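S.K.: When I checked Swiss-Prot for this same protein, it listed these features:
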BINDING   HIS59  O2 binding site
BINDING   HIS88  heme b binding site
DOMAIN    2-142  domain 'Globin'
MOD_RES   SER4  phosphoserine
MOD_RES   LYS8  N6-succinyllysine
MOD_RES   LYS17  N6-acetyllysine
MOD_RES   LYS17  N6-succinyllysine
MOD_RES   TYR25  phosphotyrosine
MOD_RES   LYS41  N6-succinyllysine
MOD_RES   SER50  phosphoserine
MOD_RES   SER103  phosphoserine
MOD_RES   THR109  phosphothreonine
MOD_RES   SER125  phosphoserine
MOD_RES   SER132  phosphoserine
MOD_RES   THR135  phosphothreonine
Amino acid sequence: MVLSPADKSNVKAAWGKVGGHAGEYGAEALERMFLSFPTTKTYFPHFDLSHGSAQVKGHGKKVADALTLAVGHVDDMPNALSALSDLHAHKLRVDPVNFKLLSHCLLVTLAAHLPAEFTPAVHASLDKFLASVSTVLTSKYR
């Protein structure tokens with residue numbers, strides 16, 4: 001999915017508003033995903049998935065850091081996320097549908113925390129951005 005200049009601007013501005021809360025929002029999105037889509041828990045059998053667990057917070061920070069990297073390299077996400085794509089495709093073997101589920105939960109989390117900034121245009125841009133990230137992360141599954 002191609003991001004327009006307006007989409008890129010919206011994504012960078014919205015992610016800039018996330019600021020120091022990125023890890024917190026990443027963890028919240030994971031918790032939402034685990035509650036809304038319980039089958040996603042199967043990829044984390046060794047995690048304490050209870051609310052506020054250190055493992056969920058730690059993985060939420062990893063998710064947020066990867067998204068920060070993608071925002072910073074929005075014009076070259078395939079190269080920036082190559083190692084992460086390899087990891088998910090070849091080692092973790094995560095079902096690609098789970099990226100869509102997490103993307104949805106991220107959008108809900110961002111909308112809850114940034115209601116003034118979460119305009120329809122920003123929502124659409126973030127949705128396109130997360131779809132692009134998902135496409136990159138699943139590109140090595142073939």
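Cβ atoms here come from the backbone N, Cα and C positions, even for glycine.
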S.K.: Looking only at the domain 'Globin' (2-142), what is the model's average confidence as pLDDT?
M.R.: 93
S.K.: Given the modified residues LYS17, SER50, SER103, SER125, SER132, which one's Cα is the least distant from that of SER4 (phosphoserine)?
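M.R.: Nearest in space to SER4 (phosphoserine), counting only the modified residues, is SER125.
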S.K.: Looking at the binding-site residues HIS59, HIS88, which sits with the largest number of other Cβ atoms within 10 Å of its Cβ?
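M.R.: In terms of Cβ crowding, the pick is HIS88.
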S.K.: Please compare the modified residues TYR25, LYS41, SER50, THR109, SER125 by how many other CB atoms fall within 10 Å of each one's CB, and tell me which has the fewest.
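M.R.: It is SER50 that, of the modified residues TYR25, LYS41, SER50, THR109, SER125, has the fewest other Cβ atoms within 10 Å.
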S.K.: How big is the gap, in Å, between the Cα of THR135 (phosphothreonine) and that of LYS17 (N6-acetyllysine), rounded to a whole number?
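M.R.: Cα to Cα, THR135 (phosphothreonine) and LYS17 (N6-acetyllysine) are separated by 25 Å.
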